[in-house]
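Residues annotated as ATP binding site in Swiss-Prot, with sequence analysis given as evidence: G124, S125, D126, G127, K128, T129, T130.
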Amino acid sequence: MREDFKKFKDFIYKKRVGVVGIGVSNIPLINFLIKLGAEVTAFDKKTEEELGEVSSDFKNKGVNLELGDNYLDKLTGFDVVFKTPSMRIDSECLVKVKKEGAYVTSEMEEFVRYCKAKIYGITGSDGKTTTTTIISKMLQEEGYKTWVGGNIGTPLFAQIEEIKSEDRVVLELSSFQLMTMNLPMDIAVCTNLAPNHLDMHKDMQEYIDAKKNIFLYQDATNTLIVNRENEITYGFKAEAKGVVREFSSKRELKEGAYYKDGILYLSGKEVCKKDNIVIKGMHNVENYLAAFIATKNDVSIENMKKVAESFNGVEHRCELVREINGVKYYNDSIASSPTRTLAGLKAFDKRVILIAGGYDKHLLFEPLANEGYPYIKELILLGQTKEKIKDVFKELEASKGIKINISEVSTLEEAVKKAQNLARQGDIITLSPACASFDMFPNFMIRGNKFKEIVNEL
């Protein structure tokens with residue numbers, strides 16, 4: 001049973017509240033806290049000029065602003081501090097303010113604490129956004145008012161009083177959001193786990209432990225969904241306190257969701273045929289299986305099938321940009337890890353011209369070479385990691401005699417131009433970087449949009 005939001009309203013009134021980060025999720029949060037009568041100070045590395053209208057709007061509402069390089073120096077003397085998701089709880093300034101007696105929390109934690117509706121929480125290394133979107137589409141098709149939040153959708157805490165107990169909430173949750181989560185999800189879904197974000201986590205174990213928080217606080221009334229074919233997530237079963245349901249793309253599961261001979265099943269009943277699913281690739285079959293077993297008690301097989309046969313995917317995920325002179329250009333900018341790029345490559349029915357490389361998250365690229373080479377016709381590399389990726393393909397050539405032609409470029413424009421020159425009629429060109437974007441772009445969406453802009457100008 002979740003807590004009554006009145007408790008939070010009474011608690012926050014007249015409190016001195018620090019909000020770290022004036023980003024997408026925190027702007028509505030700050031406005032909401034003002035409305036609830038809190039005395040708010042907002043902290044951000046950006047300057048007043050960079051924030052523009054946002055800073056003048058907040059100042060007019062009585063928000064104190066601490067901005068610029070040393071913006072966290074004055075994070076002291078607060079009753080409550082809302083941290084930004086990427087901020088580690090063991091960061092010096094948070095440890096200090098906590099010692100002073102401040103209650104340190106986040107928008108997502110407070111939302112889960114007070115939300116009346118049934119919550120589906122989705123995490124994993126790959127497939128989170130697509131699975132979250134599929135689940136929300138199926139719940140909508142069934143007739144539920146559905147709210148989507150977390151990493152995608154809109155910040156929901158500011159809308160908490162509008163959400164009714166009969167509604168459904170679907171949250172995409174990152175390892176950063178889960179690191180401090182100690183509240184139960186009604187349905188927790190873990191799509192898969194592979195090394196990721198090792199630039200932000202101390203090691204792989206810390207990353208796994210963060211993901212586990214999606215189910216560790218559940219009880220017997222809650223449900224955990226695990227991928228039978230992913231060793232790490234299947235291992236979660238032993239620690240689960242609620243019902244565990246499984247999905248598999250490789251074996252029959254009497255009580256789960258599974259794929260066999262071109263058909264997706266739920267508890268032995270056919271839901272749909274793989275060839276009729278609009279978004280291609282076995283990774284999307286797995287996303288659908290996870291969604292089917294997660295929504296088993298809320299959505300009819302008929303509505304599951306309807307969504308699978310009509311939903312055409314999420315932007316920046318194997319997204320067809322255009323076809324020019326018989327060459328198809330795909331934007332898979334979301335692929336910020338080697339496993340994600342591999343899944344994208346396997347979705348195509350031929351070898352492709354791959355544009356890869358970017359910010360270094362300290363991931364190993366050997367799997368991209370060893371498992372990816374049969375799917376790559378030409379490899380175009382750019383960004384911080386281009387030498388690291390080139391080295392693993394050169395090692396493949398030295399050890400197994402398998403040679404992939406590699407071109408190195410400095411910009412995305414050069415990469416697209418090079419790909420266009422290499423391509424012949426019938427070829428596929430895909431931007432699937434296997435890396436984050438931060439060396440050249442603020443995020444994967446801006447990278448993907450830049451790619452689309454370049455392709456559309458060809």
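Heads up, the Cβ atoms here are built off N, Cα and C, so glycines get one too.
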K128 (ATP binding site): secondary structure state under DSSP, collapsed to three categories: helix
Neighbours of G124, S125, D126, G127, K128, T129, T130 excl. site residues, C-beta within 8 Å of centre, ATP: I122, T131, T191, N192, N287, R340
Cβ-Cβ neighbours of T130 (ATP binding site) (radius 10 Å): 26
Number of Cβ atoms other than its own within 10 Å, given for T129 (ATP binding site): 21
